[in-house]
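Colleague: The structure is given below, and queries will be raised subsequently.
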Amino acid sequence: MKIYYEDSLPYAAEFFSELGDSRVFSHKDVNAKLVADADVLLVRSTTKVNAQLLDLNQNIAYVGTATAGTNHLDEEYLRSRELGIHSAAGCNAVAVAEYVLSALFVMALEHDWQLVDKTVGIVGAGHVGTRLSAKLTALGIRHLLCDPPLADAGDPRDFVDMSQIMQCDIITLHVPLIKGGRYNTGHMFDAKRLDALKETQLLINACRGEVIDNKALLACFEAGRALNVVLDVWENEPDIDQALVPYIALATAHIAGHTVEGKARGTEMLYQQVCGQFGFTATKKLSDYLPVPQPDRLYVDETLRGQALLSALVLSVYDIRNDSKQFKESIHLPDQFRYIRKNYSIRREFAALSVNTGNNPGSEAIYALGFNRK
């Protein structure tokens, strides 16, 4: 069996080398001739998989992307070839939820908020929204869920509608991009909805840039409105509207899901899928390859309590202000959006680090956030 994998898949050689003849390629060089004899094709979002890429291949049995999104896969074409749509949905959900927590703690510091006094509206209760909900529960922060497709499908959780979400102190978006139809999310936050936001509210978008009308958002700022907005995703990436950037409280380059674990988990998920489809026993685990973080243990400042303690811990692992500062200072440079994403620094998830809480009364909340007890 010939397995072709994109060079940006972490640990792909380690996972797939024993399953067959594994070969690496770059998205810059891949073409139909190169993968004409592939039985398995593994990509990330930089490689478009369509008829143009696979029209010389008569053997392909599995196509998978090590990303949560599948916009780069021609799903209609793949179905016509009787190939399933294999993705790593949820691989970076923890990373995105932790990104949002970092944003919340930073905004709380800057505005002197007590998060337990706020209500968070989570729009989209899939992988990311569910993870975020669990972490907010651990923190004792009241939150509401809005997800019409899941509600209509019979999901037993309590859901609210968008009118109730718009009354929340903090609104965070975690929906797929759906253009048109009953569940349209394109420009979900259009001029009308943006105009309805109060300057005391916070809006976070860490899903798809097109969910917020960026032109309408810029118009709000240019009209003098002091909205609190955090953006990790933008319309027309990577050629974003740079005029919008200075107005955004915390601005980053679509890196919310870019932890070591988030990216590598996608490779592990494809490995498990390939093993299942071709009858192999999955013997390898991501933990076999992940490096030990340095340092790998955090110590609690016993003088801190409550939000101050949790904020200090979360921001010691990931402080979104660093990414925002770099982004704002460099985005004017040519092709900088792509550069930042490609060269993003190593970031770990909470679970990679152990915390010694001593006798601190906040220890259970710390561990419920995902930090390790060891």
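Every residue, even glycine, has its Cβ placed from backbone N, Cα and C.
Any TrEMBL annotation is an automated prediction that lacks curation.
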Colleague: Among D117, D169, D232, D288, which residue does TrEMBL annotate as binding NAD(+) together with D147, G257?
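Modeller: Answer per TrEMBL: D232.
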Colleague: So if I draw a 10 Å sphere around the Cβ of G257 (NAD(+) binding site), how many other Cβ atoms end up inside it?
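Modeller: Within a 10 Å radius of the Cβ of G257 (NAD(+) binding site) lie 24 other Cβ atoms.
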Colleague: Taking the Cα of D232 (NAD(+) binding site) as the centre, which of the recorded positions listed as S45, T67, R208, H254 lie within 10 Å of it?
Modeller: R208, H254
Colleague: Have a look at the recorded positions S45, T67, R208, E237 and say which one has the shortest Cα distance to D147 (NAD(+) binding site).
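Modeller: Checked the recorded positions S45, T67, R208, E237; minimum Cα distance to D147 (NAD(+) binding site) goes to R208.
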Colleague: With Cβ-Cβ distance below 8 Å and at least 6 positions apart along the chain, what are the contacts of E237 (active site)? List them in sequence order.
Modeller: G209, H254, F337
Colleague: Please report the distance from the Cα of S45 (substrate binding site) to the Cα of G257 (NAD(+) binding site), rounded to the nearest angstrom.
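Modeller: Taking the Cα atoms only, S45 (substrate binding site) lies 13 Å from G257 (NAD(+) binding site).
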Colleague: Measure from the CA atom of T67 (substrate binding site) to the CA atom of R208 (active site) and give the result in Å, rounded to a whole number.
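Modeller: Distance between the two Cα atoms comes out at 14 Å.
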Colleague: So what's the average pLDDT for the domain 'D-isomer specific 2-hydroxyacid dehydrogenase catalytic' (10-274)?
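Modeller: Averaged over the domain 'D-isomer specific 2-hydroxyacid dehydrogenase catalytic' (10-274), per-residue pLDDT gives 97.
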